[in-house]
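This report concerns only the one structure given below.
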Amino acid sequence: MEMSFSGLPARLWLPSLLLALAVPALLWPRARRVGWGLAGAGYGVAALDGRLGAPALAALALAGLITFGWRRLAVAGPAGRVWLPPLAFGLMAPVLLLHRWPGFDNARVLAPTRLTPDALPFSFHFNLDTPLLALTLFAGWAPLRAAAARPGWLAAGLGWGALTAALCLGAGVAAGALGAAPKWPAFGPAWLVAQIGGTVFVEETLFRGGLQAALARRLGPMRGLLLAALVFGLVHAAGGPLLVVLAALAGLGYGLAWQRGGLAAAMLAHLLLNLLHFGLLTYPARA
């Protein structure tokens, strides 16, 4: 049931590949125009292929209006309806995160498959809805762009990523939820593309660059870190109590990486943990 990345139809993987390539470019100001061009091309290709219906195009238009509103506030100051862009974003966010906004053709790459005999079935998609949410926040909220990549981001991302992976994956092994299972299936490159543009960029933009940053401004860095990690754990509640605890612990690690190196560091830490989990251990968990 495995598919190689090169064996997938281009109409399925090209939009997500363009979105994944856009992510690192967006993190650095000098390459940001290239990043926006790649992201726009990704959605353009998807639209031309018919993967974006009328409701999805309406979501793109709404995202543009939210971005315009946020940027106008940054220039004109807090006069007027300052609550409108964040309110609109807050209403749009859960619908997109839960894949409930109609019109997006999130192509399934892999049907439910056991990667190892003892693993739970696993499937994944090339999502087009959730990246829009992260792109909207990144485009509209100036503090997030300013903290995209701080000096020392590479060391912070690798260091906190390695420590977080050791703690979280080690705890998963100790709890019996994970076991040694080295692998790199043929669809590994497609999984990596989906991870970069559809999981890591989305979750770190929202939870660290958005939620943790906002909480830290109001409550201080430590409370912001702890509360954002707690929320990150709770949104994984569908996976059971152990996943909630491990996700919250991971959120602490990603949050510390963000404090020291910005969004780039948090993303690198997150991607490193996910790569180690996918390539070396039971994925997603033992049945």
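Backbone N, Cα and C atoms are what each Cβ position is placed from, and that goes for glycine too.
Sequence annotations record features per position, and here TrEMBL assigns transmembrane segment to 51-70, 82-102, 122-141, 153-178, 184-203, 224-257, 263-283. As annotated by TrEMBL, domain 'CAAX prenyl protease 2/Lysostaphin resistance protein A-like' applies to 190-276.
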Recorded stretch, among 51-70, 82-102, 153-178, 263-283, maximising Cβ pairs under 8 Å relative to the transmembrane segment (184-203): 263-283
Sequence-distant residues near the transmembrane segment (263-283) by C-beta distance (under 8 Å, 6 or more away from its ends) are 23, 27, 115-116, 118-119, 122, 144, 147-150, 152-154, 156-158, 160-162, 164-165, 168-169, 172-173, 177-184, 188, 191-192, 195-196, 199-201, 203-205, 208-209, 250, 253-255, 257
With the cut-off at Cβ under 8 Å and a gap of six or more residues from its ends, the chain residues touching the transmembrane segment (82-102) are 53, 55-56, 59, 62-63, 65-66, 69-70, 73, 127, 129-130, 132-133, 136-137, 140, 206
